[in-house]
Amino acid sequence: MSREDLAVSHDTSKEHVPADEVNVGTKEDANNMTGSVRTKKQVVTARIQLAALCWCLFLAGWNDGTLGPLLPRIQEAYHIGYTIVSLLFVFVCTGFVFGALINVPLTDKYGFGKVFIDNGVQGREIQYFATGSVCQLVAYTLQAPELPFPVFVMAATLNGVGLALQDAQANGFVASIKDNAETKMGILHAVYGLGALAAPLISTQFAQIRRWSFHFLVSIGIAVSNTILLVAVFRFRRQDECLAQTGQPPEEQNMGDKSTFRQILTHKTVHLLA
(Lines of atoms letter the chains of each structure in order from A and count residues from 1; the text may use other names and numbers.)
(Lines give C-alpha, C1' and ligand atoms only; values in the text may rest on other atoms or scores of the structure.)
Protein backbone atom coordinates (compact mmCIF):
# COMPACT_ATOMS: atom_id res chain seq x y z
CA MET A 1 0.00 0.00 0.00
CA SER A 2 1.37 3.40 -0.94
CA ARG A 3 1.85 6.34 1.40
CA GLU A 4 -1.04 8.20 -0.28
CA ASP A 5 -3.41 5.27 0.41
CA LEU A 6 -2.34 5.15 4.04
CA ALA A 7 -2.95 8.88 4.43
CA VAL A 8 -6.42 8.58 2.88
CA SER A 9 -7.37 5.64 5.10
CA HIS A 10 -6.09 7.51 8.17
CA ASP A 11 -8.20 10.59 7.36
CA THR A 12 -11.22 8.37 6.70
CA SER A 13 -10.85 6.72 10.11
CA LYS A 14 -11.00 10.16 11.72
CA GLU A 15 -14.19 11.02 9.90
CA HIS A 16 -15.99 7.87 11.09
CA VAL A 17 -15.80 8.55 14.82
CA PRO A 18 -19.06 7.41 16.48
CA ALA A 19 -21.50 10.27 17.01
CA ASP A 20 -22.22 9.38 20.65
CA GLU A 21 -18.52 9.70 21.56
CA VAL A 22 -18.41 13.14 19.98
CA ASN A 23 -21.55 14.18 21.83
CA VAL A 24 -20.19 12.94 25.15
CA GLY A 25 -17.09 15.03 24.77
CA THR A 26 -19.13 18.02 23.73
CA LYS A 27 -21.44 17.68 26.73
CA GLU A 28 -18.54 17.39 29.12
CA ASP A 29 -16.95 20.50 27.66
CA ALA A 30 -20.25 22.34 27.85
CA ASN A 31 -20.71 21.34 31.48
CA ASN A 32 -17.24 22.55 32.31
CA MET A 33 -17.92 25.81 30.50
CA THR A 34 -21.15 26.48 32.40
CA GLY A 35 -19.74 25.34 35.73
CA SER A 36 -22.46 22.70 36.28
CA VAL A 37 -19.77 20.12 37.11
CA ARG A 38 -17.98 21.35 40.19
CA THR A 39 -15.43 19.92 42.56
CA LYS A 40 -16.21 19.24 46.19
CA LYS A 41 -14.05 22.18 47.20
CA GLN A 42 -16.02 24.52 44.95
CA VAL A 43 -19.32 23.31 46.39
CA VAL A 44 -18.06 23.83 49.93
CA THR A 45 -16.77 27.30 49.02
CA ALA A 46 -20.17 28.24 47.60
CA ARG A 47 -21.88 27.14 50.81
CA ILE A 48 -19.43 29.08 52.95
CA GLN A 49 -20.00 32.21 50.89
CA LEU A 50 -23.77 31.84 51.22
CA ALA A 51 -23.44 31.29 54.99
CA ALA A 52 -21.39 34.49 55.30
CA LEU A 53 -24.03 36.44 53.37
CA CYS A 54 -26.78 34.94 55.52
CA TRP A 55 -25.02 36.09 58.69
CA CYS A 56 -24.74 39.53 57.11
CA LEU A 57 -28.50 39.59 56.52
CA PHE A 58 -29.11 38.24 60.03
CA LEU A 59 -27.39 41.38 61.31
CA ALA A 60 -29.62 43.51 59.08
CA GLY A 61 -32.73 41.81 60.45
CA TRP A 62 -31.39 42.11 63.98
CA ASN A 63 -30.91 45.83 63.48
CA ASP A 64 -34.41 46.36 62.09
CA GLY A 65 -36.02 44.44 64.95
CA THR A 66 -34.11 46.22 67.71
CA LEU A 67 -35.62 49.70 68.01
CA GLY A 68 -39.30 48.89 68.58
CA PRO A 69 -39.12 47.52 72.15
CA LEU A 70 -36.53 50.16 73.11
CA LEU A 71 -38.61 53.18 72.05
CA PRO A 72 -40.37 53.71 75.42
CA ARG A 73 -37.02 53.57 77.25
CA ILE A 74 -35.42 55.93 74.71
CA GLN A 75 -38.25 58.42 75.24
CA GLU A 76 -37.90 58.12 79.00
CA ALA A 77 -34.10 58.41 78.98
CA TYR A 78 -33.96 61.44 76.67
CA HIS A 79 -37.26 63.04 77.79
CA ILE A 80 -38.63 63.27 74.27
CA GLY A 81 -41.99 62.62 72.63
CA TYR A 82 -43.17 60.55 69.71
CA THR A 83 -42.30 63.19 67.12
CA ILE A 84 -38.69 63.57 68.19
CA VAL A 85 -38.05 59.86 68.72
CA SER A 86 -39.42 59.17 65.22
CA LEU A 87 -36.36 61.01 63.87
CA LEU A 88 -34.49 57.77 64.44
CA PHE A 89 -36.48 56.11 61.66
CA VAL A 90 -36.22 59.17 59.43
CA PHE A 91 -32.44 59.32 59.67
CA VAL A 92 -32.00 55.56 59.31
CA CYS A 93 -34.00 55.85 56.09
CA THR A 94 -31.91 58.83 55.00
CA GLY A 95 -28.69 56.92 55.57
CA PHE A 96 -30.07 53.89 53.74
CA VAL A 97 -31.05 55.93 50.68
CA PHE A 98 -27.65 57.64 50.65
CA GLY A 99 -25.86 54.28 50.92
CA ALA A 100 -27.94 52.82 48.10
CA LEU A 101 -27.16 55.78 45.84
CA ILE A 102 -23.40 55.74 46.42
CA ASN A 103 -23.32 51.97 46.03
CA VAL A 104 -24.15 52.19 42.31
CA PRO A 105 -21.32 54.50 41.17
CA LEU A 106 -18.78 52.88 43.52
CA THR A 107 -19.60 49.39 42.25
CA ASP A 108 -19.61 50.66 38.66
CA LYS A 109 -16.18 52.23 39.07
CA TYR A 110 -14.37 49.84 41.37
CA GLY A 111 -16.31 46.59 41.06
CA PHE A 112 -17.85 44.35 43.68
CA GLY A 113 -16.22 44.23 47.04
CA LYS A 114 -13.67 47.02 46.78
CA VAL A 115 -13.21 50.65 47.60
CA PHE A 116 -9.99 52.11 46.22
CA ILE A 117 -8.36 54.90 48.20
CA ASP A 118 -5.99 56.73 45.87
CA ASN A 119 -2.95 58.26 47.51
CA GLY A 120 -0.77 58.70 44.44
CA VAL A 121 0.02 55.00 44.30
CA GLN A 122 -2.09 51.93 44.67
CA GLY A 123 -4.01 52.39 47.90
CA ARG A 124 -5.78 50.06 50.24
CA GLU A 125 -8.75 48.07 49.07
CA ILE A 126 -11.60 47.79 51.56
CA GLN A 127 -14.47 45.47 50.97
CA TYR A 128 -17.91 47.04 50.63
CA PHE A 129 -19.28 44.35 52.88
CA ALA A 130 -16.65 45.02 55.51
CA THR A 131 -17.10 48.78 55.11
CA GLY A 132 -20.85 48.46 55.66
CA SER A 133 -20.33 46.21 58.66
CA VAL A 134 -17.76 48.62 60.12
CA CYS A 135 -20.28 51.46 59.70
CA GLN A 136 -22.74 49.47 61.77
CA LEU A 137 -20.03 48.65 64.29
CA VAL A 138 -19.20 52.34 64.76
CA ALA A 139 -22.91 53.19 65.02
CA TYR A 140 -23.51 50.60 67.76
CA THR A 141 -20.41 51.82 69.59
CA LEU A 142 -21.87 55.33 69.69
CA GLN A 143 -25.28 54.10 70.81
CA ALA A 144 -24.16 51.73 73.57
CA PRO A 145 -22.94 54.33 76.12
CA GLU A 146 -26.23 56.35 75.95
CA LEU A 147 -24.64 59.49 74.52
CA PRO A 148 -26.77 62.61 73.85
CA PHE A 149 -29.71 62.10 71.54
CA PRO A 150 -28.23 63.99 68.53
CA VAL A 151 -25.28 61.58 68.60
CA PHE A 152 -27.70 58.67 68.88
CA VAL A 153 -29.51 59.91 65.76
CA MET A 154 -26.25 60.48 63.88
CA ALA A 155 -25.27 56.90 64.66
CA ALA A 156 -28.61 55.74 63.27
CA THR A 157 -27.80 57.51 60.00
CA LEU A 158 -24.42 55.80 59.78
CA ASN A 159 -26.15 52.53 60.53
CA GLY A 160 -28.46 53.08 57.57
CA VAL A 161 -25.50 53.60 55.23
CA GLY A 162 -23.91 50.37 56.40
CA LEU A 163 -27.16 48.46 55.97
CA ALA A 164 -27.63 49.72 52.41
CA LEU A 165 -24.12 48.74 51.30
CA GLN A 166 -24.38 45.24 52.72
CA ASP A 167 -27.95 44.65 51.59
CA ALA A 168 -27.25 45.71 48.00
CA GLN A 169 -24.05 43.69 47.69
CA ALA A 170 -25.48 40.56 49.33
CA ASN A 171 -28.62 40.51 47.18
CA GLY A 172 -26.66 41.32 44.02
CA PHE A 173 -24.18 38.54 44.71
CA VAL A 174 -26.84 35.88 45.30
CA ALA A 175 -28.83 37.05 42.26
CA SER A 176 -25.71 36.47 40.13
CA ILE A 177 -25.43 32.83 41.18
CA LYS A 178 -26.56 30.45 38.42
CA ASP A 179 -27.08 27.42 40.66
CA ASN A 180 -30.50 27.63 42.38
CA ALA A 181 -30.37 31.40 42.81
CA GLU A 182 -34.07 31.58 43.71
CA THR A 183 -33.72 29.06 46.55
CA LYS A 184 -30.62 30.74 47.90
CA MET A 185 -32.29 34.14 47.75
CA GLY A 186 -35.16 32.70 49.76
CA ILE A 187 -32.75 31.32 52.35
CA LEU A 188 -30.98 34.67 52.53
CA HIS A 189 -34.15 36.57 53.35
CA ALA A 190 -35.43 33.86 55.67
CA VAL A 191 -32.31 34.40 57.77
CA TYR A 192 -33.04 38.16 57.69
CA GLY A 193 -36.44 37.34 59.16
CA LEU A 194 -34.79 35.19 61.80
CA GLY A 195 -32.67 38.14 62.88
CA ALA A 196 -35.72 40.40 62.98
CA LEU A 197 -37.48 37.80 65.14
CA ALA A 198 -34.59 37.32 67.58
CA ALA A 199 -33.78 41.00 68.18
CA PRO A 200 -37.05 42.02 69.92
CA LEU A 201 -36.77 39.05 72.26
CA ILE A 202 -33.42 40.37 73.48
CA SER A 203 -34.09 44.12 73.34
CA THR A 204 -37.30 43.68 75.36
CA GLN A 205 -35.20 42.32 78.25
CA PHE A 206 -32.83 45.29 78.06
CA ALA A 207 -35.76 47.72 77.91
CA GLN A 208 -36.69 46.63 81.44
CA ILE A 209 -33.35 47.44 83.05
CA ARG A 210 -31.57 50.69 83.79
CA ARG A 211 -28.73 50.11 81.30
CA TRP A 212 -31.06 49.68 78.34
CA SER A 213 -28.44 50.89 75.88
CA PHE A 214 -26.24 47.90 76.70
CA HIS A 215 -28.36 46.00 74.22
CA PHE A 216 -26.11 47.53 71.60
CA LEU A 217 -23.16 45.68 73.12
CA VAL A 218 -24.80 42.51 71.84
CA SER A 219 -25.18 44.22 68.46
CA ILE A 220 -21.48 45.14 68.57
CA GLY A 221 -20.59 41.50 69.08
CA ILE A 222 -22.65 40.43 66.06
CA ALA A 223 -21.19 43.25 63.93
CA VAL A 224 -17.62 42.29 64.89
CA SER A 225 -18.22 38.65 63.97
CA ASN A 226 -19.88 39.75 60.72
CA THR A 227 -16.91 41.92 59.76
CA ILE A 228 -14.40 39.16 60.50
CA LEU A 229 -16.45 36.57 58.60
CA LEU A 230 -16.90 38.73 55.49
CA VAL A 231 -13.22 39.62 55.31
CA ALA A 232 -12.14 36.01 55.91
CA VAL A 233 -14.49 34.56 53.29
CA PHE A 234 -14.34 37.10 50.47
CA ARG A 235 -10.82 38.47 51.11
CA PHE A 236 -11.35 41.77 49.27
CA ARG A 237 -11.97 40.00 45.95
CA ARG A 238 -14.26 41.11 43.16
CA GLN A 239 -17.56 39.36 42.58
CA ASP A 240 -16.35 37.50 39.47
CA GLU A 241 -13.34 36.23 41.39
CA CYS A 242 -15.51 35.02 44.27
CA LEU A 243 -17.92 33.27 41.91
CA ALA A 244 -15.01 31.72 40.01
CA GLN A 245 -13.96 30.02 43.24
CA THR A 246 -17.29 28.20 43.19
CA GLY A 247 -16.82 27.04 39.57
CA GLN A 248 -18.98 29.70 37.94
CA PRO A 249 -17.24 31.39 34.98
CA PRO A 250 -17.43 35.18 34.67
CA GLU A 251 -20.06 36.70 32.44
CA GLU A 252 -19.43 39.19 29.66
CA GLN A 253 -20.60 42.67 30.60
CA ASN A 254 -21.89 44.91 27.88
CA MET A 255 -22.47 48.28 29.49
CA GLY A 256 -23.10 50.18 26.25
CA ASP A 257 -23.14 53.95 26.12
CA LYS A 258 -25.66 54.41 28.95
CA SER A 259 -24.66 54.98 32.54
CA THR A 260 -25.54 52.40 35.18
CA PHE A 261 -28.19 54.65 36.70
CA ARG A 262 -29.82 55.16 33.31
CA GLN A 263 -29.80 51.43 32.62
CA ILE A 264 -31.44 50.78 35.99
CA LEU A 265 -34.15 53.37 35.37
CA THR A 266 -34.99 51.91 31.95
CA HIS A 267 -36.14 48.62 33.49
CA LYS A 268 -39.92 48.38 33.89
CA THR A 269 -39.49 46.19 36.95
CA VAL A 270 -37.81 49.03 38.82
CA HIS A 271 -40.76 51.36 38.24
CA LEU A 272 -43.27 48.62 39.08
CA LEU A 273 -41.64 47.75 42.39
CA ALA A 274 -41.03 51.41 43.24
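The backbone N, Cα and C atoms fix where each Cβ goes, and this holds for glycine too.
Annotation source TrEMBL lists region 'Disordered' at 1-20.
The compositional bias 'Basic and acidic residues' annotation in TrEMBL covers 1-19.
The list of residues near the transmembrane segment (43-62) in space but at least 6 beyond its ends in sequence, with Cβ under 8 angstroms from a Cβ of it, reads 129, 133, 136, 163, 166-167, 170, 173-174, 177, 179, 184, 187-189, 191-199, 219, 222-223, 225-226, 229-230, 233-234, 242, 245-247. Look at TrEMBL and you will find 43-62 (among others) tagged as transmembrane segment.
Residues or ranges marked as domain 'Major facilitator superfamily (MFS) profile' in TrEMBL: 49-274. Summarised as a single figure, the pLDDT of the domain 'Major facilitator superfamily (MFS) profile' (49-274) averages 83.
Under the heading transmembrane segment, TrEMBL lists 82-104 (among others). For the transmembrane segment (82-104), same-chain residues at least 6 beyond its ends with a Cβ under 8 Å from one of its own Cβ atoms are 67, 71, 74-75, 128, 132, 149, 152-154, 156-165, 168-169, 260-261, 264.
Taking Cβ pairs closer than 8 Å, the transmembrane segment (186-206) reaches residues 50, 53-55, 57-70, 170-171, 174, 212-215, 218 in its own chain, all 6 or more past its ends. Per TrEMBL, the feature transmembrane segment maps to 186-206 (among others).
Beyond the ends of the transmembrane segment (212-234), by six or more residues, the same chain brings 48-49, 52, 55-56, 58-59, 62-63, 66, 70, 73-74, 77, 113, 127, 129-130, 133-134, 136-137, 140-141, 143-146, 202-203, 206, 242 to within a C-beta distance below 8 angstroms of the stretch. The transmembrane segment annotation in TrEMBL covers 212-234 (among others).
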